[in-house]
Amino acid sequence: MPGMISRVLYTDEVACVVPSECKKYCGMQASCSPIAYPLLVVELLPSGVRGLVVSALWASLMSSLTAVYSSASAVFTMDIYPQMRPTATKKELMITGRLFVIVLLAVSVAWVPALQVAHREQLFEYMHTLLSYLTPPVAATFLLAVFCKRVTEQGAFWGLASGLVIGSCRMLSEFAYGPWSCSVNRKCPRIICGVHYLYFAMILFTISLITVLGISMFTVPIPDKHLHRLCWSLRNSQEERVDLDEDTEVKSPEPQAQPDTFVEDRGCLWKAWDVFCGLELLPSPKLAPEEVGVPETEQNDMAEGTAHRATSGGTEEREAPEERLLWSKALGLCGLLLVLLTALCHIYFH
């Protein structure tokens, strides 16, 4: 609806068809349709409402970016990095997650030249083009895994691999030759670049489906005892599910926590580094220098005795949760005030 309203109100700008005219209005030769909604916001809305809309757009953009970066960092830190370093400590995992986010930011900035090479003037279309090349194999594999018990690990792997290879070949060929255009004569074969990316997504989805099902039919099926409540046909099963990797799973060594000893206070830079990494020293019994060599069993007995005395005698420990709840509410209130202040600044200055 906003696009049609903008097309009616600003026919020359939004509905331009001559490449030279489109270049004059919006800087793009193909079409000026991407400026339809921003043109409505800038030309029709008053100053206060305009700033509110802009702040909402920025908030949604930041929310999407932080969600993507946080999810990618969590996957790498919790699933991939422990396989490379099974004895990694919590501090190391936290620092690794922070550094991985920085790497993702660097890759995002480095991808800007690829956008320019792609010869696409519309970012929205470019984003959906990439999704059409890379997501159909994932969608096909997930769909079959939920609704078909016959799918095996080998079929899912080779279906994903073949689909991603085909999609990557199409993406690289379009980067090299540029997208197909009726006005520009390019050297890209029509069978590769002449197929619209949405049609290519349907073709790639079908190829991935056939590959997953075909390979799964020639491999050993997974017994039902491993699939209870994991697929649609067994969603209401009450039987106990047996882990597929239970026999082959190797328990990774866990780092043993060491009690804190009396050390000198660190400087402000180290404390700032801990705050940046999100580290917090957990409360644990501190040992004097003469107690460092005491066996672990005796240390546990001493800790149990201290905990028993604490629970039997004091009120400070019972008041601690209420105090933490109070500070949690205060922190949430401060965050809400900051969000409102940011929105008001956008409203006032726009």
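Just so you know, glycine gets a Cβ as well, placed from its N, Cα and C.
Here's what TrEMBL has on this protein:
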- 296-321: region 'Disordered' (REGION)
- 56-78: transmembrane segment (TRANSMEM)
- 99-118: transmembrane segment (TRANSMEM)
- 130-148: transmembrane segment (TRANSMEM)
- 155-177: transmembrane segment (TRANSMEM)
- 197-220: transmembrane segment (TRANSMEM)
- 330-349: transmembrane segment (TRANSMEM)
Report the listed stretch (56-78, 130-148, 197-220) having the maximum count of Cβ pairs within less than 8 Å of the transmembrane segment (99-118).
56-78
If we skip the immediate neighbours and take only residues 6+ beyond the ends of the transmembrane segment (56-78), which ones have a Cβ under 8 Å from one of its Cβ atoms?
93, 96-98, 100-101, 104-105, 346
Six or more residues out from either end of the transmembrane segment (197-220), which same-chain residues have a Cβ under 8 Å from its Cβ atoms?
128-129, 132-133, 135-137, 139-141, 143-144, 148, 150-152, 154-156, 158-160, 162-163, 166-167, 170
